Structures are given as C-alpha cells and as structure tokens.
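Below is one structure; the comments refer to it alone.
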Amino acid sequence: TQKMAELLGLRDECGEGASGAPVLAGSCLADNRLNLDVYPDGCCRFLQLFQGRQGEVVQVEFLRLSSNDHLLGTTLGILPHLKHLKSLVLKGGHARDEFGSCQHGSLTSLPPDVGNLRCLTHLDLSFNSLSTLPTCILHLSSLRVLLVSHNSLVALPEDFGCLSKLTFFSAMKNQLKDLPQSIGELAELQDLDLSENALEFLPEEVGNLHNCTELDLSGNCLLSIPDSLANLKSLRRLHLHSNLLVTVPASLASLPNLSRLDLQNNCLRAVPPEIQTSPFVHLRGNPLGETEPSLRADESNAGGLQRLFLASAEDSFTVTSEGCRVVLACGIHFYFPPGAASDPLRICFRTLAPDPQWVKLRHHDVLLSRVLELQPHGVTFQQEVQIWMPYASPQTLHQREVVVRTFSGQSWSDLRTRVEQKRKSKKHVAHCSVLHFSWFLVVSRLVQNECKVPTEGTLLFSSVDPNIKVTFPPGVTEETRNVKLQVLPVSVEEIEEITADAGCRASPLLCLSQDSLVDFLRPVRIQLPLPPGVTGINLDRSRLHLLHGDLEGQTWDDITSQVVLEFTHLYAVFEVTHFSWYWLWYTTKTYIGGIAKKVYERLRMYQVNFIALQRRKDPEQVLLQCVPKNKVDPVLKKLQDRYQGPEPSDMVEMFEGEQFFAAFERGISIDMDRPDCVDGRLSFIFYSHLKNMKEIYVTSPVDRKGQAVKGQVSFYRGAVPESIPEDASRRRKGPDSLWLATLPIKLPRLKPRWGANPGTLNGFSFPPLNLGNAETGYLTQANLLSIARRVGADWQTIGLNLGLTYQQIERIGYNNREDLDKQILDMLFSWAQQNSEDPDCVSKLISAMKESGRQDIADEVETIIELGRQKYRESIRRVGLEQESSTEDSAIAMM
C-alpha cells in the first residue's frame, strides 16, 4: 500500500499521505459503511483509508463513491478486496454542467474480479458511460438489486437471466433496442424498469416473470406487446405510455391485481371494450376520435394527424414520419408536420428556472417565460417544427416587441416570432418555427428595425418614432452590412422625477448597431426629434447637448463640439461614422454626462416591494415574494383570504435578472439542505414579469417551551450583476449596503397541529402506528404527521403511486371535499393501516414519493430511517450484543 500511495501521488493530490489517514478516518469510516460520494475527493479519501486502515476497510459492507471522481479508475482496483461488501454505489450525476444538468460519470467497465464479491446484493451504476453491461456482474450470485439507469447500453447479455435472485432491475434512460430471451428466467424479479429506451418489441418470455408487480416500458418504440403479458398475475402497475402501440391485448384487463394501466400517448385507434371501460386504464393522447372522452369535438385529429396531450409528470414523447400535434401540461404546443422526422424520434423536454449566469439579457430586455429545453440537440428536421410558448403578458410595457430567443450552446439569438392570442383564454403565446432543438425562452425587447445597407446606400427609420431616420449615402460601405435600430422613449415625467429638475428635457434614446467591426466609409446622417417643448425657434444652443454612450451605458460623452449640428423646426440632424447610443439633452446643467448616466441606470431598474406572509391555518408556512410596486395591491388582495402578515417593505430598486437572498433571523430557521439555500439564505432571482415567490416551512431551533417566537426575515442583495453602471456597483460594496429590507415573522405558541389527542387526527381516529421494524427504524404516527404537512396538492399522485385505487382516491376526495388537510391525512393513514404488516412498506413509501416527484419527502423519510438504524445499533452495543455482520439487507432496496 505504501508503494501504491507513492505511485498515486496521494500526498500531492489529497493533501496528506499515509499519516493523513487517521484524520479522515473519523469523519468517513463509520461502522461498516463508507458514504464518500458526498465528498468531491471521495476516491482520494477511500485510498487514504485503505492505505492507513486496510484491516477495517476490507470489512466494509456498504460503499458509496462518485463516478465523477478523477481517481475512480485507481479505486476500482481495490474493490475486489472488499469481500464482505453487500451494497456498492458508483453513481455519476454528482457534478453539473453550466446549464445545471447532471454530468454522467466516467465509469465504462468494472474489474473482472468484482464478480467474486459473493455477498454483494445491491449494485447501483446509474448516471455513467456504460455501453455494455460488465460481464463480471453476471457472476454476482447474490445480487438482488441492480440499477444501470442513465447509461448508454444498447443490449443486455444473452445470459442475463442467470441473475436468478434479482428482485429489482432498472435500466431506464439507455438505448436498448431489444431484450434477451433469458430475461424470462428472472423468476424472483418484482420490479422491472426499462423506460426511455428504444425497444421495438418484447420477447414472449417476458410473460414468465410471475412475481413481477411493476413493469415500466414507457417511452420506447413498441408497436405491440405480446399476449404473454396476461400471465403476469402479480402485476399491479403496467406503464406503456409514450410508445407507438396500435393495439393491446384485451386479456390485460383480466389481470387480477392490476391497479394502473397507462396507455397514454400511443397510436391506438381502437381499444378492446374490456380495457376502455376499466377504471384503472389511462388513454389520453391516442387517436380514438369521439370514443376518447378527454378530447373535445373541436380538438379532434383533423386529417388523421395524431394529437398528444401530456400529463405534468411526463417529460418525453415520440414523433414519427406521420407528424403530430403535442400539447404539454404547461401549455406549450408543438406542430410536427408530416415528414419532419424521417424515423421515429424520441423528444425529451424540460423547463428550467432561468439562471443569469447563462441567460444573458440585454439592456432593457424583460424575461417573460422559463427556459424550455428540447432534446436531442442538433438534430435537423426535414421540415420546420412550429412552437407556441405561453408567456407573461407585459401589459404595462409599451412600444416593445415579444420574441422567442434560442441558445446555440455558445450564444443567444432571436427568432422570427409572431404573437398570437388564444380565443378562449385570451392568453398570449409566442409562435416561432425551427429546424433544430436547443433552449428557448420568451423575452420582451425594444422594437428592433433592421435593414441591409448596400454600396448604393439606403434609408432606415424607426417604427416607434418615424421622425427618427438614418440615411446611408452611396459609397458608405464596400460590402453589404446588416444594421439594427432601437429606440427607447423617455417621458418628461421620468426625466423630472429622476433629475429633480423641471428644466431638463431629453429626446428618445437611439441605439444603432451593425454586424461589422469596421466604421462606415462615409458619414451616416441621423435625424433626431428635439426634446419635448424645444423647437428650432426657441432653441438656446448653449443648453443643447448631444451625448454618445457606449453599448453598456457605462460612459456618456458630450460630443456636441465634435459634430456639426443642423436644426429644423422639429429636428436635429448630425453625421457619424460609428454606431452606439445617441441622446439629445436640453438643460442648464454643466456635467450632463453624469446626469445622463444616472438617468440611464434608473431606466433599467424596477421599483419593488417585499412581502412575507404566513398561512392562516399554518403559520409555520411562510410565503416570500418580491413584487413590482404596481402589482403589490393586486397580489395582496389575491392572498388575503389564506395568508396574513405585516405590510409590504419599503420600496427598493432592482435590476432585471438580479440575485437577492432571504435570511430568517432571531430564532427562526429553515432546512439548510434545500438546493436553493446558500450559506443559510434562500436564493432568489428577480424577474419583473415572473413570480419571484417561494413558500417554505420555518422552525425554531431553540426550546420554545410553548412560547411564541418573534423573529424576522431580512432580504439582501447578491453579487453585483455584470455590466451594471459603475455608480450602482460602487454603492453596493460592503455588508451594510447589501441589506434591502426586514419584515417580522411570528411563530405562535406551540399546540398540536391536528388535534390534541395523538390518536385523533382532525376527525380521524387511528390506533398507534409503527411502520417498519426495530432494526431498520420505525415510522411512527408522529413521523407520518410530519410527512403529511409537506404533501400538499400532490396527494392524489402520491396515493396512486402508493397503490391506492382510483375509487379510493375519489372517495377520499369526496368525503373530505374542501379540506386539503383531511384529504392528505385520510390518504396517508389509510395506506398505512393497509400496509402496517408489510416489512417493505417504508421502502415503498420512499419509492412512491420519488415517483411522484417529491424527492424532498423521500429524503426526509430516509433521514428518519437512518436515525432509527443508528439508535438500534447504539442500543445493541450498550447491551453487549453487537453482531459480527449487519442484518440490514432488508433496507438495501432503499439505498
């Protein structure tokens, strides 16, 4: 091991050699497990531990490492020495690219000797770069759980069925085109996830999986499914949505335990009556004509074109050469004309919160939508695909235009866009056409007029103010150039308010730009209207100033003496060879450049107020929002029935796309593990037309002893945005200058959330519950109450994923209508009562939360269970009954 350390250069890369191992050991090596995937240098720590405490490391039973680690290759060689290993996790996804997407790990294979790990029952290789399944896996005779999702597998080995003890297998998000016949030999398999692959058919042997309770084949290219699926008598959930199915066997309806059959978004034109009338079957997005109740008469498929309606939980669909129309749950529409895709193509989509680090807005741009990412990137369609994106209508913005902006991977560019209004909802949508997919968003920009300038010259004028003209004389350029013109009108009231000088006047702001770095060969003639109230007759030339600003608006130079100004009754005319910002001012002030810089800065800023409200029924649930001043009253009026709290903060000014933070103080805290929590503060990005709102639960870490807590929430600026005016940047240096506002938050005296008697919950009476067992940790009634508080409107989806039937869900909703708390409690405790004797009920709860998109609740349950394990082990040690090997096999599936 000493020689290995020298070869690896551990002293240089990790900061310590063999002598450093004891320092790390206390924090990394706990009992019989090593969770090192949370460290960016986890593999380095593992090598140090193996070098310094080899005797203990080889006894490890549970090991987690990140496959994004650059020392992974060296670490793999040690794995065969861990003969007692039961669970091995080598996942990628711990690093993210510049767009926030998970980066796959570097793992492409495993050492052959890994197949000698006879105790290994759980193996997770998700988010890696595997193109083939390592052959050593087939020698893991005890393997029960195998996850290889988010890799690049194109096939499974022909003898894959030799993994006879496998109970859970996930290969979602790969490139599998077919399955080996031996898959039917997995007699113990209970959960099989092959979603998001390229499967075109299934072998008949799939029908031999008699113990399978859940089968996910969604997001493939299946045209049909074998009749043998009707042999899966244990099957409870069958996911077949987003395929190319044209028919399904009627025998599926007779499966005795089936509670969910998802056939949405296929090509089914006819469905057996037995299936169509079953309450657990979902058929939306199929071309069934009038037989499909989810389609209105005016939304039927004209000309036979397939129309897909995707649910909120779906993130992909398939396009064929026949074309289709697609409607996402968020309101985005697509039209793929026939022939746009020559072969079946899987389209993946997601909406992202805009990050100012890569969503670069130009001056005076206003963001109107979230970012839409469409994959695969770079694939060129044979015909243009049309996209309709809803956006927040900028009703208060005048003399502007709405455009769809797309990102090529290096820069943003604007697409030709047509604005439309839906006839029924009156909502606005931005319509564009593209030949390839990438990232898209909707912005409002200053109206842009553009033209090509040939050698013969031309004339360009503004559609916002036709009095603004730019004349290009003959010989102005040797090669044709593209020129753009934008105008920012500035009212007299704005100038007077900002300058506090009633005598100041200014013309509209003119911005000229071109696609060439070379100045024009001949002067370009510009006509600007004189400032309001000024004419060629009453003009005092000593008070008129022509200002030239750089494209960032950082400096404004008075160039009046450098150009020849001509005047008519209404206009000023001058000539330039360089394009940028131009502005006419009429004032008695001497240092006009500084005043113009201040005004330009203020024109880019928004006056906003902060609000902090607490739910009337649950004061620990706090809503924080940054609202433009003109929207404060409508927002408060909308929230007043459900929330209460202090008056909004004093007015402050913020830039579009500026970051700010909310910090809870004076005895109030939040969950620090939130992804949007930075150094104990909640991170926000201000966009004037998007909802800058978050609703979170707060707690008091101190012993309240039944007393109320009077705390507060303060708002602070983040890092100084790029390219803001120098004066604004200078004012924002130092901790005091970052403070924006503070609002009070009061937590009332502690009292039971749902009834004083723990056995009586809001009208429901249940006996005490203990889900799980002593070794893995219990979920008690109090734990379920804590979970119920966080469920919210997702309770129906969670209930279905827990295995409740649609009839049960509908009955719960009806019996407790108009009371969300009761609906959640009834659903959760009904499930708990039905499954209290099931030893795997806790793992099923965690899986259901993850399937429902509630990773936050799944993490909370796992934390509770881990705490239970620790308490159990401590109690065993106290009585001297510590066992040589852990009996945590039953919890492996939850890891």
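Residue positions begin at 1 at the first shown residue.
Using the three backbone atoms N, Cα and C, a Cβ is placed for every residue, glycine included.
According to TrEMBL, the protein has these features:
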ACT_SITE  His436  active site
ACT_SITE  Ser438  active site
ACT_SITE  His578  active site
ACT_SITE  Ser580  active site
DOMAIN    313-446  domain 'ZU5'
DOMAIN    447-588  domain 'ZU5'
DOMAIN    780-865  domain 'Death'
Completion exercise
Note: in the chain of His436 (active site), residues six or more apart in sequence with C-beta under 8 angstroms of its C-beta are His377, Gly378, Val379, Thr380, Phe381
Problem - the domain 'Death' (780-865): DSSP-derived helix, strand, coil residue counts - result: 69 helix, 1 strand, 16 coil
Practice task
Summarise the domain 'ZU5' (447-588) by DSSP state, stating how many residues are helix, strand and coil.
Solution key: 14 helix, 59 strand, 69 coil
Problem - Cα separation, Ser438 (active site) to His578 (active site) (Å, whole number) - result: 35
Exercise for the section: Would you count the other C-beta atoms found within 10 angstroms of the C-beta of Ser438 (active site) for me? Expected result: 16
Fill in the blank from the handout: Across the domain 'ZU5' (313-446), DSSP labelling yields 0 helix, 63 strand, 71 coil
Exercise for the section: Rank the active-site residues His578, Ser580 by the number of other Cβ atoms within 10 Å of each Cβ and report the first-ranked residue. Expected result: Ser580
